[in-house]
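Record features, source Swiss-Prot:
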REGION    24-52  region 'Disordered'
COMPBIAS  39-52  compositional bias 'Basic and acidic residues'
COMPBIAS  79-88  compositional bias 'Low complexity'
REGION    79-105  region 'Disordered'
ZN_FING   117-166  zinc finger
REGION    181-258  region 'Disordered'
COMPBIAS  189-199  compositional bias 'Low complexity'
COMPBIAS  206-222  compositional bias 'Polar residues'
COMPBIAS  235-255  compositional bias 'Polar residues'
MOD_RES   Ser236  phosphoserine
DOMAIN    313-456  domain 'SET'
REGION    662-738  region 'Disordered'
COMPBIAS  681-690  compositional bias 'Polar residues'
MOD_RES   Ser684  phosphoserine
COMPBIAS  691-707  compositional bias 'Basic and acidic residues'
MOD_RES   Ser718  phosphoserine
MOD_RES   Thr719  phosphothreonine
MOD_RES   Ser741  phosphoserine
Amino acid sequence: MSVPNSKEQSLLDDASTLLLFSKGKKRAEEASKIGSKTDTIEHDESHEREKKGAIEMAAAALATASTVSLPLKKATEQSAAEAATSTAAKEETENQPQKQPQWPVPDSYIVDPDAGIITCICDLNDDDGFTIQCDHCNRWQHAICYGIKDIGMAPDDYLCNSCDPREVDINLARKIQQERINVKTVEPSSSNNSASNKNNGRDRASSTTISDVGDSFSTDQDNTNHRDKRRKRNPSNNSIDSKNESASVNSSDGLTSMPKKKEHFLSAKDAYGAIYLPLKDNVFKSDLIEPFLNKHMDDNWVIQYPHKTFKSVSIEVKPYADIAYSRTYPGFTKLGVYLKKDCIKGDFIQEILGELDFYKNYLTDPRNHYRIWGTAKRRVIFHSHWPIYIDARLSGNSTRYLRRSCQPNVELVTIKLQDTDNRNDKSSGRKSSRIKFVLRALRDISEDEELYIKWQWDSKHPILKLIKGMTIDSLDDLERYGLINSVETILSNGECGCGNNSKDCYLLKVKRYAQSLYKSVKSRGKMNNRYKLNEILNQYNCKKRREPPILHRLEEKAQNTIERAPILLNNFYRQKFLNRNNGPKIPQKNTIDSTNNPDDIAKPFKFALFAQHSSNISVPKKNETSEKPLIITKSTDYDESHITNIEELPIPVLLPINKTSRQTANDVEESQSKNEHKLSRTPSLSNFNKELSKEAQHSQAKTKEIMTEASVNSRRESTPESIMHLSDFSSSQLHSKKKLSFADYRKKLLK
């Protein structure tokens, strides 16, 4: 038998020690049970037991040694070879490229961490107040559906069932959520915190500690242990007011809250009858409505009802779409009127009640926005023949929830009940009207089918052109943008009964066209469709034709001035000459004749003002024989400094002067140059400036000559000799005033 090595010897020593400890412990227990014995007997017995224990220990050691195989050296070599083989295999696996684990969901399934999307195994995507986020796909799930009942059970690393497939009780999760929906309860703390929540009402921030009268129960150890868990917790009641709620401290749990009372609220389906004033008969907003109805109750379109009381068909108000789990509130309740039993075409279904007023008052009220809508608002119906309307926005009956559609199945008609002797309303004490406004079926309507009435568009609304077969692109810009604005406003306050997927709805056609138009607007950030429409309208209002270059505009302006100036001057002087009396006589009084002469019609506006001023001045009447015009023979003899009456001032007369041959030649050259200028294309800027300066100098010289001639003629003697002398003087004046060019002036200096 070989000698055991150090390792084997240590194993034997440990075995003997354990055996000795167990025997000693057992012997001590037995000694405690025996009781009190003499010291001598105990000493003998202990000596025998020790001897016996040593024998047993030796026997156990020998038995243990016999179990060890003899060739220990060979086993050691074999274990060393196996260790070397495992080390080599490990190195080979490390050198080989490791395969990354494949997720069971594609990358497209992963969403943004702040998206706030809920995807749970219960197939309900609403927030129940306690959700947890997956670390891989960043989607949120109901914690209760995965068996997480409170915050303490939230794990540090969490994966949903899609990212980490495992056995989850889906039926139980659906049952829990269905029970929550059926209860329809809302905790008061969740309603208080709804304003501060983010990501569609779900706040992903860490929950705060519940406090009572300012005392804090959180500890540093709790914050360290649950730091990662708080990132995933989403209790809807993340903060509770200490005045309304209290907390109790438990030795095992750290923090627990008191049970909360559940408050039951009515849904829109059950509470619709409490948001309006129910009526039993129509209310007249104007005192003239009732006389109007009594006067026109025998019109042709009024239907004679064969009974004394109206018998209606049962209807029901219920939601046409479930908005309890929608992420955004549309701004209006989605309720409709449904029929409880079948009816055929022409049956009278239900009476419409509300406040009656004249159609004109609705149009003139700016709160109705009829200029934008172009139709009646929700719960308002226009009468098709009379200038009245029924307003059920504040009071009425269940027909106020009637929706409009492009394919209606009911219409509003007027019926007249049979006359009775005592038709008094017991509640109001007034005589009830025989005229009723009821709904009539346009076709056969089956049970549980929603009732629709037609849209009552204005006669000038652009949508009527679409109904007649025109397209939106065929409309002009003003009608197109007005139509988009009107339809967007209408759909933001209600929906058409045609549905969101109808191809025959004209409102949806306009909405789809507007959506394609909004895509063309480039916005820096998130922008509402209303703002995009305003941007389009602003661009349309500010849209102008691109202006030509400044030089081209200046040339056109100067060209127009050159062309218009001679015409305006000629017309002015011709009219001025025609408005003067021919002859050498200058009348001093009564220059304005009250008779309708042809010359007075063509007089300028200033003469009309002067005539109005002179008519207000009282002039003393004189005999017709004494009213003789004063003829001035010499202008130097006349002194006008002492004249105080404006009618006594002399008016200079422009005498016709024959043109000389040189003036005629200049006019011919003018006309030729003008024609050449018209036929030629746009000249260069330098040539144009030269022509402009020449034309301006010529027109100024011509105007100055005419004014000089007029002033000279008015002050010279009006004899034939003086006229001939004036013509000779004007011709010599023209020759003497000829301007020298720079070249001629230089030649003159050189001489």
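Glycine is no exception: its Cβ is also placed from the backbone N, Cα and C atoms.
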Assigned element (helix, strand, coil) containing Ser741 (phosphoserine), judged by DSSP: coil
Cβ-Cβ neighbours of Ser741 (phosphoserine) (radius 10 Å): 8
Composition by DSSP (helix, strand, coil) of residues within the zinc finger (117-166): 7 helix, 8 strand, 35 coil
Residues of the domain 'SET' (313-456) by DSSP state, where helix covers H, G and I: 17 helix, 52 strand, 75 coil
Model confidence over the domain 'SET' (313-456), averaged pLDDT: 87
